[in-house]
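Asker: Before we start, here is the structure in question, set down as structure tokens.
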Amino acid sequence: MKQERGEIILVTGGARSGKSAFAERYVATHGRRIAYIATAQVLDDEMRYRVELHKRRRPETWRTYEAPFAAEQAIAKAASDRDTILFDCVTIYLSNLLCSFSEEQIADEALVHAQADAAIDRLIAAVRTGGVRCVFVTNEVGAGIVPEHRLSRLYRDAAGRANQRLAQEAEAVYLTVAGIPVNLRKLAEEQQ
């Protein structure tokens with residue numbers, strides 16, 4: 001069923017924390033016609049293996065859209081006949097964007113952040129206008145050490161900004177740790 005204003009659910013956590021598996025269960029429970037937006041580019045054997053694992057977990061009835069770039073277009077297309085979207089994942093999507101920049105663009109921190117912020121805003125707008133539920137999977141990348149290289153620091157900062165922006169817009173935010181999802185929004189409300 002289409003919603004007047006799309007719904008955003010954010011699922012975040014560290015690497016291999018169970019984010020994607022939880023998000024898959026969530027959309028399977030809450031959606032009927034599900035679209036899967038995959039942002040990864042298969043550039044090596046390890047990524048090929050990871051993509052295959054994800055594909056095997058998904059039912060054949062889910063429609064897959066490959067969208068390493070301009071994913072707002074995939075969201076709009078999916079929203080035309082799907083009620084729920086699983087977007088996996090925001091941080092790979094941002095990585096694709098940053099890796100497409102020239103060295104001159106990377107040198108301009110304000111430009112990098114403006115482009116990354118605009119990309120996230122386009123995703124949010126596509127969900128809201130499309131009237132679908134979208135579960136965004138993302139990684140928490142800022143809990144470790146400060147990265148040595150400039151591009152890595154820009155990526156960490158862009159991911160942190162994107163996660164905050166999506167969480168601000170989201171109707172629900174889940175943090176997944178050791179395979180256990182915690183509803184952060186509900187927890188925050190209980191603490192008030």
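Cβ atoms are placed via backbone N, Cα and C, with glycine included.
The active site, GMP-histidine intermediate feature in TrEMBL is assigned to H54. TrEMBL lists 13-20, 38-40, 55-58, E66, D88 with the feature GTP binding site.
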Asker: Name, in the order they occur in the sequence, the residues of the same chain whose CB lies under 8 A from the CB of H54 (active site, GMP-histidine intermediate) and which sit 6 or more residues away.
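Answerer: For H54 (active site, GMP-histidine intermediate), the qualifying residues are S20, A38, D88.
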Asker: Does K19 (GTP binding site) have same-chain partners at least 6 apart in sequence with Cβ under 8 Å from its own Cβ, and which are they?
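Answerer: Once residues fewer than 6 apart are set aside, K19 (GTP binding site) is near V11, T12, G13, C89, V137, T138, N139, T176.
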Asker: Within 10 angstroms of the C-beta of T39 (GTP binding site), what count of other C-beta atoms is obtained when all protein chains are considered?
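Answerer: The answer is 23.
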